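Enquirer: Sharing a structure, written as structure tokens. Questions coming.
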Amino acid sequence: MSRELNHLPAPAKINLFLHITGRRADGYHELQTLFQFLDLGDRLSFRTTPKDSRILLSPELPGVPAEQNLIVRAARLLQQATGTRQGAVIQLQKRLPMGGGLGGGSSDAATTLIALNRLWDTELPLPELAALALQLGADVPVFVRGFAAWAEGVGEKLQPASPPTPWYLLLLPGCEVATAAVFGHPDLTRNSPPVQWQDYAEGRCGNDCEALVRRLYPEIERGLSWLKGLGRGAMSGTGASLFCPFESEEEAQRALEQRPEGMEGFVCRGHNRSPLHQHLQIQTETL
Ligand SMILES: C[C@](O)(CO)[C@H](O)COP(=O)(O)OP(=O)(O)OC[C@H]1O[C@@H](n2ccc(N)nc2=O)[C@H](O)[C@@H]1O
Ligand SMILES: Nc1ncnc2c1ncn2[C@@H]1O[C@H](COP(=O)(O)OP(=O)(O)OP(=O)(O)O)[C@@H](O)[C@H]1O
């Protein structure tokens, strides 16, 4: 019999700081970062097809053929790993900008792994799902585990963390920044000394991609200098999305109304437990 899960959240993440501490032999970078979720994201609906193993996704994303979409790749990976012959019809409501440093594609993939693992009764435990997730991208495991985390390695070594959960103004300067291009740039800072939680708590951590991305993208420079005039404005991931914490929703809302011309913005709240895990009442590690 066909089973369904509808309107599941695929939340955004932000990197509260991002340091690059080295480069591995395979070209990937060793990071230290602090991930937090936002109550803003895509939505996904799933219906299983017990007698048809195809994975059908609609609508397709412009410029991303279905077989390259992380949702379809996540579903196929779970089929391969478990040997299930079931398929699924998946609907995507895309809200997060692509290439926005908010991990939208990664979060879609994680929601797919969690939803289909439940609907197909394949019952892989979360740590095993997180190991599969890493094959899809460095940011996917944190969305599977579902807790705000201090991350190391390429982002897969996760320690639960409880940073403050302020309101944020999220500012989107409107340009897409290719993660691979930033990580491949010769001028990127790649040798930050390792830091501890205390360094973050005392304000000594930033985003190592920031100087380079501000230089390459004038719109990001414009948005970030405006945000830094308001408070602790920062950049998420390799760019494209900017954020600034506020003590109240009203303050964030006032800032939103005065945002630089031509830029989109949202007021949202930081969460240390993923809205997906809250919605499905999935037990995450105790904080
Ligand atoms: C910058 C972050 O968003 C921080 O959360 C992530 O580390 C990026 O994670 P992601 O988008 O899932 O990245 P992936 O899809 O795995 O990698 C995209 C490209 O970025 C580069 N890359 C990514 C992650 C990493 N730790 N080192 C890298 O050098 C690689 O060239 C890779 O081909
Ligand atoms: N379901 C999906 N949603 C968005 N992008 C996808 C998806 N599947 C594949 N992609 C590809 O992944 C690229 C990066 O998209 P994504 O929205 O995850 O970027 P991001 O927010 O910068 O992620 P990160 O912060 O993890 O680097 C897109 O440009 C697109 O080509």
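Every residue gets a Cβ built from N, Cα and C, even glycine.
TrEMBL: automatically predicted annotations, no manual curation.
These came from TrEMBL, pasted as-is:
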ACT_SITE  Lys13  active site
DOMAIN    69-146  domain 'GHMP kinase N-terminal'
BINDING   Pro97, Met98, Gly99, Gly100, Gly101, Leu102, Gly103, Gly104, Gly105, Ser106, Ser107  ATP binding site
ACT_SITE  Asp139  active site
DOMAIN    205-261  domain 'GHMP kinase C-terminal'
Enquirer: Can you name every residue in this chain, apart from Pro97, Met98, Gly99, Gly100, Gly101, Leu102, Gly103, Gly104, Gly105, Ser106, Ser107, with its Cβ inside 8 Å of the center of the Cβ atoms of the recorded ATP site?
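Expert: My list of surrounding residues reads Ala12, Leu96, Gly237, Ser241.
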Enquirer: Which one of these binding-site residues has the most other Cβ atoms within 10 Å of its own Cβ: Gly99, Gly103?
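Expert: When each Cβ's neighbours within 10 Å are tallied, Gly103 leads.
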Enquirer: Given the recorded positions Pro97, Gly99, Gly101, Gly103, Gly105, Asp139, return the subset with CB under 6 A from an atom of ligand 2, ordered by sequence, or none if empty.
Expert: Gly99, Gly101, Gly103, Gly105, Asp139
Enquirer: Under DSSP, the domain 'GHMP kinase C-terminal' (205-261) has how many residues in helix, strand and coil?
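Expert: Grouping H, G, I as helix and E, B as strand yields 27 helix, 10 strand, 20 coil.
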Enquirer: Count up the helix, strand and coil residues in the domain 'GHMP kinase N-terminal' (69-146) according to DSSP, in that order.
Expert: 44 helix, 7 strand, 27 coil
Enquirer: With respect to ligand 1, which members of the recorded positions Lys13, Pro97, Gly99, Gly105, Ser107, Asp139 satisfy a Cβ distance under 6 angstroms to one of its atoms?
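Expert: By the Cβ criterion, which requires under 6 Å to ligand 1, the hits are Asp139.
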Enquirer: Looking at the binding-site residues Gly99, Gly101, Gly103, Gly105, Ser107, whose Cα is closest in space to that of Lys13 (active site)?
Expert: Gly103
Enquirer: Fewest neighbouring Cβ atoms within 10 Å: which of the binding-site residues Pro97, Gly101, Gly105?
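Expert: With the binding-site residues Pro97, Gly101, Gly105, fewest surrounding Cβ atoms within 10 Å: Pro97.
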Enquirer: Does Asp139 (active site) have same-chain partners at least 6 apart in sequence with Cβ under 8 Å from its own Cβ, and which are they?
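Expert: Those within reach of Asp139 (active site), by Cβ under 8 Å and sequence separation of 6 or more, are Lys13, Gly103, Ser106, Gly155, Gly237.
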Enquirer: What residues, ordered by sequence, lie under 8 A Cβ-to-Cβ from Ser107 (ATP binding site) and sit at least six positions away in the same chain?
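Expert: Correct list: Ala10, Pro11, Ala12, Lys13, Gly41, Asp42, Leu96, Phe143.
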